[in-house]
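Chemist: Heads up, here are the entries from TrEMBL:
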| type | residues | note |
| --- | --- | --- |
| TRANSMEM | A:6-22 | transmembrane segment |
| TRANSMEM | A:29-49 | transmembrane segment |
| DOMAIN | A:64-112 | domain 'NADH-Ubiquinone oxidoreductase (complex I) chain 5 N-terminal' |
| TRANSMEM | A:78-99 | transmembrane segment |
| DOMAIN | A:128-427 | domain 'NADH:quinone oxidoreductase/Mrp antiporter transmembrane' |
| TRANSMEM | A:133-153 | transmembrane segment |
| TRANSMEM | A:242-263 | transmembrane segment |
| TRANSMEM | A:269-287 | transmembrane segment |
| TRANSMEM | A:340-360 | transmembrane segment |
| TRANSMEM | A:519-541 | transmembrane segment |
| TRANSMEM | A:623-642 | transmembrane segment |
| DOMAIN | A:631-695 | domain 'MrpA C-terminal/MbhD' |
| TRANSMEM | A:649-666 | transmembrane segment |
| TRANSMEM | A:672-693 | transmembrane segment |
| TRANSMEM | A:708-727 | transmembrane segment |
| DOMAIN | A:708-784 | domain 'MrpA C-terminal/MbhE' |
Amino acid sequence: MISIQLAIMIPFIAALMIPFLHKKLPRIHVGWFVLIIPTVLFIALTRFIPSIAEGKTYLNTVQWIPSYGINFTTYVDGISIIFGLLITGIGSLVILYSIYYLSAKESLHHFYSYLLLFMGSMLGVVFSDNLMVLYVFWELTSISSFLLIAFWYHRKKSRYGAQKALLITFGGGIAMLTSFIMIYLMTDTMSVREILSVIDPNHTLFIPALVLLLIGAFTKSAQFPFHIWLPDAMEAPTPVSAYLHSATMVKAGIYLVARFTPVFGSNEIWFWLVSCIGLITLFWGSFNAIRQIDLKALLAYSTISQLGLIMSLFGIGSIAHQLGAGENAILYTQASFAALFHLVNHSTFKGALFMVVGIVDHGVGTRDIRRLGGLMSFMPISFTIALIGSFSMAGLPPFNGFLSKEMFFEAVVNVSQSNLFTLHTFGLLFPIIAWIASVLTFVYCMIIVFKTFLGPHQPEKLEHEAHEAKIGMLIPPIILAVLIIGIFIFPNLLGDYLLRPGLASIFPSLGGMYKPISIWHGFTPALWMTIGVIVVGILIFRIQSRRKSLYFPPGKWTFDQLYNSTLEQIELRGFKITELYMTGSLRDYLVYIFLFFGIAVGGVFLLTDAFHLDLSSNAPISLYELLIVFTMMVAGIAIIFAKSRITSILLNGVLGYSIALLFVLFRAPDLALTQLVVETVTTALFLLCFYFLPKREKENSMQKTKRVNIVVSILVGVIFVSVALSAQSGKLFESISAYFENAYELAGANNIVNAILGDFRAFDTMLEVIVLFIGGIGVYTLIKLRAKKEDENVENQ
Amino acid sequence: METVIIILAGVLVTVATYLILSKGILRVILGTAILSHAAHLLLMTMGGLKRGGVPVIGEGNGTYTDALPQALILTSIVISFAVTAFLLVLAYRTYQETQVARGLKDE
């Protein structure tokens with residue numbers, strides 16, 4: 001049998017080769033080469049079915065980052081094989097359809113590369129056993145979906161839809177990654193199989209991990225309120241919508257919920273979140289679907305609604321984990337079984353419906369319900385397929401949707417009678433919401449068929465003359481339509497070979513027990529509910545179609561509005577905040593720096609109570625020194641108040657020379673010499689600058705700024721003094737300078753300072769020379785550059 | 001003595017900070033120059049003041065003041081001189097190019 005790792009990698013390798021094939025063989029539609037891949041994979045996967053049905057599973061590991069426990073481990077069991085077959089099977093049909101749908105003028109090599117990339121990552125998601133590998137493939141599906149939605153990237157709406165899908169699914173992906181990390185922290189393993197046996201439901205991280213995982217699943221599967229990206233993703237080419245946004249990618253979240261039901265399912269929160277969000281999504285999706293005027297948007301909302309149905313069934317199924325083994329548990333595992341069954345059914349009829357809508361769009365150039373009508377006589381085959389798909393979605397016999405809808409009603413009726421999880425109070429809401437949503441589902445299914453194919457034909461509103469599509473375009477939806485009826489006739493074939501092993505993976509302790517599906521199951525409450533749906537649905541549809549306009553505009557408070565305004569506000573606020581502190585004024589930034597210094601150093605100083613003053617080691621003060629210090633203080637303060645610039649430069653000179661004097665008194669002759677020379681040159685430079693600068697303008701800054709400046713400077717000064725005093729007072733160790741007093745023996749020098757500079761620590765001196773050198777070069781370049789620039793200006797003129 | 005010098009350095013730091021926060025570019029450069037004066041004084045004080053003779057062997061009675069801070073200050077003086085010189089030329093050139101001698105964006 002084919003290695004699953006290889007099966008996952010084949011689409012990636014093929015995606016690399018597609019552009020070359022496209023270039024080398026431009027006369028053959030590149031889709032034909034692509035078609036081989038999912039077909040081969042589908043056949044390879046079908047060979048697993050018999051052994052999986054016997055309860056076997058396959059585990060295979062290829063080492064990737066073994067030191068972190070991250071290995072490319074694949075696990076084939078009941079659930080993953082269902083998804084694997086859906087991905088490859090629907091994939092083959094969609095590729096066949098797309099060969100006829102896309103004209104050779106499109107950039108086909110891009111399209112098929114992205115599609116193969118998506119297919120490989122989707123296979124990776126369902127077959128991965130390692131959490132991190134699963135996450136990697138999960139994000140790859142988001143990226144490839146992004147690329148496919150924006151396939152016609154010159155359209156503004158495509159780009160908008162792609163960005164929206166990316167932001168929402170990536171947000172969920174990050175939540176899921178967080179959850180995976182938490183699971184790893186709890187269980188110390190990355191393997192999904194091993195988590196089951198070691199997870200501790202009482203761990204503090206259990207609930208956060210559960211909720212974050214569900215956020216990941218809900219965003220991917222377009223559950224309420226994250227469903228808003230799916231209708232906008234309809235800007236993608238129709239094959240993409242059929243494949244990604246109805247049959248496969250949106251079911252990744254469902255897969256995640258199914259996969260983790262054994263881990264988290266025993267918790268009450270899991271049940272409430274999954275089933276309630278599912279029901280809300282089911283209702284909200286069907287309610288919005290009947291308001292749409294675009295067929296693809298209608299199908300998008302119907303997908304949302306059906307995904308909600310599947311999700312809520314998985315939620316109800318998780319009750320079985322509470323009950324353990326036994327007859328009672330089987331009542332609820334039946335819900336999960338229904339979920340798996342509807343999952344397969346939905347992929348068949350939704351795929352077919354999208355393809356039909358694509359055919360209509362392709363044929364007459366519009367998908368607007370208001371412009372369509374009376375196409376039945378022009379497109380009989382498409383009409384038949386649409387009829388089968390819609391009636392199946394509405395839950396009518398003799399189509400597979402009927403069976404799954406019956407099982408759904410049965411499950412919600414059962415849950416309303418459950419006395420677990422305080423369900424006896426809210427339980428009745430389950431069947432009521434489910435029933436209302438089903439009525440709405442019935443109505444929009446009727447809209448698809450009757451508004452498009454029946455009623456008056458309006459040729460003047462269509463871009464092309466109506467005609468039936470090419471046979472190649474019709475084959476994939478015909479196959480799906482045949483499947484829809486086939487599953488209705490032989491439901492237990494599917495149940496035994498595929499769904500039962502899947503159920504066994506969700507409920508390992510129960511081993512996949514289920515009641516066989518019967519087409520006729522007596523006058524159960526579910527059947528009466530279906531009859532009610534049909535009657536009320538027809539009534540509503542008749543009232544609906546009397547109204548001239550189906551469409552009533554959405555109110556101001558929609559989730560789309562919320563999403564748009566959130567993005568807008570984030571951008572606006574972000575800009576405003578940045579504007580607030582990035583003023584462009586040097587003075588403001590300096591205030592921040594000084595204030596940070598004050599808060600950080602001053603704060604730590606106060607907190608640690610570090611102030612310490614010890615005057616005993618102070619040297620005695622002489623009159624000379626005091627005089628100089630006094631002069632310096634006066635000169636320093638006078639600089640602030642100096643009216644003219646020359647005064648301040650001269651006062652700075654006074655400071656410099658006074659320091660030189662202090663150096664003399666402190667027995668530092670070399671310093672005194674250097675300081676004198678440097679101060680002289682600096683003052684000369686200042687005077688030079690002063691000569692070229694304009695007359696000093698008055699410091700006419702506002703009083704407030706001035707006050708802030710004063711406070712900041714005093715703060716900095718006070719902190720400086722207190723830190724310096726404390727440091728000076730507490731000497732911890734003796735100085736190392738005694739060593740340098742051996743300058744004569746070690747370096748042959750009498751002058752210790754010069755020996756340090758030229759011998760002991762000559763490296764400093766070398767670099768200091770370089771600094772001076774660079775300063776000189778800098779000055780030279782600055783002055784020279786001007787001449788050069790003037791030359792350029794002359795040339796430019 | 002050390003305490004007095006530290007307070008002097010503190011006053012110089014306050015003055016320097018105030019000057020750096022002002023608008024005129026020349027005042028800012030003056031501020032940096034004064035700040036380096038304060039730093040030199042601090043370095044000097046931290047080594048302890050007047051604990052012996054001039055650090056030249058043969059002078060005094062065998063005890064010398066700490067020579068290491070003096071070497072450090074000498075290095076620092078030269079570096080701050082280089083930076084101040086560069087800043088001054090920069091200010092001069094900026095004014096020539098832009099006719100602006102302030103550190104503020106607007107006004």
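Glycine is no exception: its Cβ is also placed from the backbone N, Cα and C atoms.
So where do these features actually land, and what's packed around them?
Modeler: Beyond the transmembrane segment (A:133-153), the same-chain residues lying 6 or more positions past its ends with a Cβ under 8 Å from any Cβ of the stretch are 8, 64, 70-73, 110-111, 114-115, 117-118, 120-122, 124-125, 159, 161-163, 165-166, 169-170, 173, 176-177, 180, 192, 216, 220, 233, 235-237, 240, 244, 249, 252.
Under 8 Å from some Cβ of the transmembrane segment (A:340-360) lie the Cβ atoms of residues 79, 82, 86, 90, 93-94, 97, 101, 238-239, 241-243, 246-248, 251, 254, 258, 295-296, 299, 302-303, 306-307, 309-310, 313, 367, 372, 375, 379, 382, 385-386, 388-390, 392-393, 399-401, 403-404, 407-408, 448, 452, 469, 473-474, 476-477, 480-481, 483-484, 487, 491, 494-495, 498-499, 502-503, 517, all in the same chain and six or more residues away from its ends.
Same-chain neighbours of the transmembrane segment (A:519-541): 394-397, 402-403, 405-407, 409-410, 413, 431, 435, 438-439, 442-443, 446-447, 450, 488-489, 491, counting only residues six or more beyond its ends whose CB sits under 8 Å from a CB of the stretch.
The list of residues near the transmembrane segment (A:672-693) in space but at least 6 beyond its ends in sequence, with Cβ under 8 angstroms from a Cβ of it, reads 645-646, 649-650, 652-653, 656-657, 659-661, 663-664.
On the 0 to 100 pLDDT scale, the domain 'MrpA C-terminal/MbhE' (A:708-784) averages 89 in the predicted structure.
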Chemist: With DSSP, how much of the domain 'MrpA C-terminal/MbhD' (A:631-695) is helix, how much strand and how much coil, in residues?
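Modeler: Counting residues per DSSP class in the domain 'MrpA C-terminal/MbhD' (A:631-695), I get 56 helix, 0 strand, 9 coil.
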Chemist: Go through A:6-22, A:78-99, A:269-287 and flag the stretch with the largest number of C-beta pairs under 8 Å relative to the transmembrane segment (A:29-49).
Modeler: A:78-99
Chemist: When the domain 'MrpA C-terminal/MbhE' (A:708-784) is classified with DSSP, how many of its residues are helical, how many are strand and how many are coil?
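Modeler: The breakdown for the domain 'MrpA C-terminal/MbhE' (A:708-784) reads 63 helix, 1 strand, 13 coil.
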